[in-house]
Amino acid sequence: MSSIDTSKVATSNRTDAATASKPGRAGSLATWADDRLGLASAMKKNLRKVFPDHWSFMLGEIALWSFVVLLLTGVFLTLWFNPSMGHITYEGSYDQLRGVGMSESMASTLHISFDVRGGLLMRQMHHWAASIFVASMMVHLLRVAFTGAYRKPRELNWVIGCLLLLLGTLEGFTGYSLPDDLLSGTGVRAADGFLKATPVVGTYMSFLLFGGEFPGESIIPRLYIIHVLLIPGILLALIAAHMLLLVYHKHTQWPGPGRTEQNVVGYPMLPVYAAKAGGFFFMVFGVIAIMGGLMSINPVWKFGPYDPTKVTAGSQPDWYMGWPDGLLRIIPTGWESVIFGYTISWNVMLPILILPPLMLVILMLLPFIEGWITGDKRDHHLLQRPRNAPTRTAVMVALMTFYGLAWAAGGNDIIAIRLDLSINQITYFMRVAIFLGPILAFWITRRWCISLQRHDNEKLLHGYETGVITRSPEGAYAERHLPINPTSAYTLTARDRDEVYTVGSDTDAAGVDAPNSRSEKLRAKLSSWMYSHNVQKPTRAELEEAHHHAEHEAELQAGLDHPVDGHQFDDHRLRDTTDVPLRD
Amino acid sequence: MRLLNRTAGRLSRHRRGPLAGLAVLLLGLVISGSLFTAFSPAQADNQPSETEQVAQGKELFLASCSFCHGQNGEGVPTVRDGYQLGPSLVGVGAAAVDFQVGTGRMPMASPGQQAPSKKVVFTDEEIDALAAYVASLGPGPAIPDESDYSIEGLSEEEREEAISRGGQIFLTNCTACHNFNGAGGAMPRGGYAPSLHGVEPKYIYEAMLTGPQQMPNFSNGNLSPEEKRDVIAYLGSLEETPEYAGFTLGGLGPVSEGLFAWLVGIGGLVGAAVWIASHTTRSNKSKVDA
């Protein structure tokens, strides 16, 4: 309907011809611009673009807005930061380090912190925003995974998102390494060790990165250009691609009456989402500003300049690098093998060089693996509730458990001193829990989801629990159930039945092996593993039977209705079932 | 003169009163006491002699320490080879006793990985006596004097240099266990390097000198007395410096920062998202657009 231009239609029903009135000043300016830029038609479409309303759809926005804060504060910091490893003596305002020799990058960081107006606030906002940027990408990722939003057609956007997470992490690492303080220097030294643990090419890679033996004089300028140009450039491009695909695919929505795979029910960009998203930007900015203003982060002046002979307790990377560090902390130290006189350090390779990239690959492949098992080639714009995909939900929770345990292991020393535990016992516990925890989490989550599915079916078939207990003449007690309203019933049943994939005959009519029979068998096995335990929604016949039964019950209880419900004197009785929201 | 006579006369009138004797007695006591305090030779007789102190210390030691350290402070081994109930105290010196007992670490409440600092159970005098007794067992470091660890006597410039030098020594020798902030850190098997916040300079000096529990011993050949003093000066300056950056979040480094990024940052912002989504738009039904 928006394709009909109503601006030239007469506003009255008089008989003489209508003419367009003379445009106002703003109107003529807009016309002038549109004649040259042609934005009107694009804007007309996009300003009316509809987004569905749900809090979990705004998690990615936290990442977007904290990235904007990162760009703003980052530009401020570049005005004073000097990425040089040139050696100077600090003569700034911070007493405890005056007269201490350090690199120019450390000195300029101290200068920003103590001698540039607002510099410390900007540094801390930049750092907090970075932590929140990566964290919000992760919660956004979890939302997308748990609701099945990564299914066709959004698999590639999922992959882009995973790459954004990887790049955000690398961007964070290169960023917090720049001040050349004791803590980050320890991190860079660790990174050097990881590079060198790579078989055959390790030493060459280390020499390439550091421009010679560690630490050399090149690493800070190189990290700087990676941090301010290379990765942000790729990040920006991928964010643009991520959002263009979002616009192209349109946003997913929760199922419900009136919501189909062909439409999007929600509010338009202008004015509703422009206001909401714009307001949310200021909230993100505000939270980051408050944190930057009130809460200390990375107090480099206490670490002092990097010096390979020094180290501090509590030397951890920022949180998003914490889980590989945790794996490194719990891996048995003796896992090394010597081949032709060369040491292969499995104890470094496994937790740092093998597992994290493997986890990333698994993450990126999730939608493709699921798509292959289900064989589902349809587009999906309606989301699934996590309980309605029990295996997927359980796989994600298992991955989260693995991540969480590794992450906690990365803070083992802090956990030990804060909770009065032995760091050794934590390590032993983690070595077992890292294997058992995900399995246990998978099993619990899947059974939990299936129970919730069963509960949904009970609500559909028997209604919801009213909390009204009736006593029969025989003395038996029973709780009355009332049917849920049609909207809730529609929403609960708006899901597909799971179909377990079964392989046809192994051989065709002529006795020739069917193509791909082995992979098809595997697929069937996985499909059965994924779906066979699920509870399917009731059939039409079952629902009708249940309704018939409910009506019969209601008839039986008709006479009892008045005296037993116990709500004569309040307003509960006045409500009918349509007022009762979907309860779960 | 007349006035004086009159006052004397008035006083004299009471000379046989019931309280007169008591008043004179009190006056006499006050005068003689004051005179004694003013003119008596320095209280040599009140201060217990070295020998007396050692004897008193030994009694206290036998009652409170000997169960683990042995009746002569020789240490008590357990049946497991290399393990002991309490180590030998021969040669640990008065400084070790002053540190362990003065911070409440000794006597230990229960055996454990490490003796925690707790309420001090002995008076200063008793601690001195114990220290004197243990010092008598063999030569060891003495309790440091305040001039050993104070930078009061230095000029402003020297003080600043001492502090920044102390900071670098601290980062080289201490932060590996005690953390960059002196907030403490974990040691193997449930041990820990305690927080250095609010610890008296004397005890920090003694700890460096004697290496209590899992701490290494920083002898004077290792860290000169001036260097020990500088470390203490740096720690003092940290406590005096305002926290420019805001709440330190425990001063534990990136772990607590990450915790707060999630709890406050993501927690707050997800809350904001929920709030925004729940306050959805309402179209005004009375106004119908063309």
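For all residues, glycine too, the Cβ spot is worked out from N, Cα and C.
If you look up TrEMBL, you'll see A:1-18 marked as compositional bias 'Polar residues'.
The feature domain 'Cytochrome b/b6 N-terminal region profile' is assigned by TrEMBL to A:29-255.
The annotation region 'Disordered' is assigned in TrEMBL to A:1-26 (among others).
Sequence annotations record features per position, and here TrEMBL assigns region 'Disordered' to A:562-584 (among others).
If you look up TrEMBL, you'll see A:55-81 (among others) marked as transmembrane segment. Same-chain neighbours of the transmembrane segment (A:55-81): 105, 108-109, 111-112, 116, 118-119, 122-123, 125-126, 129-130, 132-133, 136-137, 139-140, 143, 147, 164, 178, 224, 228, 232, 235, 239, 243, 251, 276-277, 280-281, 284-285, 288, counting only residues six or more beyond its ends whose CB sits under 8 Å from a CB of the stretch.
Annotation comment: TrEMBL describes A:128-146 (among others) as transmembrane segment. Sequence-distant contacts of the transmembrane segment (A:128-146) (same chain, six or more residues past either end, CB-CB distance under 8 Å): 56-57, 59-60, 62-63, 66-67, 69-70, 73, 158, 161-162, 164-165, 168-169, 171-172, 175-176, 284, 287-288, 291-292, 295, 297, 318-320, 363, 366, 386, 392-393, 396, 400.
Taken from TrEMBL, the feature transmembrane segment applies to A:158-178 (among others).
Here TrEMBL flags A:224-248 (among others) as transmembrane segment.
Taken from TrEMBL, the feature transmembrane segment covers A:279-301 (among others).
The transmembrane segment annotation in TrEMBL covers A:348-369 (among others). Counting same-chain residues at least six beyond the ends of the transmembrane segment (A:348-369), those with a Cβ under 8 angstroms from any Cβ of the stretch are 141, 145, 150-152, 154-155, 158-159, 162, 166, 193-194, 197-199, 323-324, 327-328, 331, 335, 395, 399, 403.
Annotated transmembrane segment per TrEMBL: A:389-408 (among others), in sequence order.
Same-chain residues lying 6+ beyond the ends of the transmembrane segment (A:428-445) with a Cβ under 8 Å from its Cβ atoms: 326-327, 330, 332, 390, 393-395, 397-402, 405-406, 408-409, 412. The annotation transmembrane segment is assigned in TrEMBL to A:428-445 (among others).
Of the candidate ranges A:224-248, A:279-301, A:389-408, A:224-248 contributes the most Cβ pairs within a distance under 8 Å of the transmembrane segment (A:158-178).
Summarised as a single figure, the pLDDT of the domain 'Cytochrome b/b6 N-terminal region profile' (A:29-255) averages 95.
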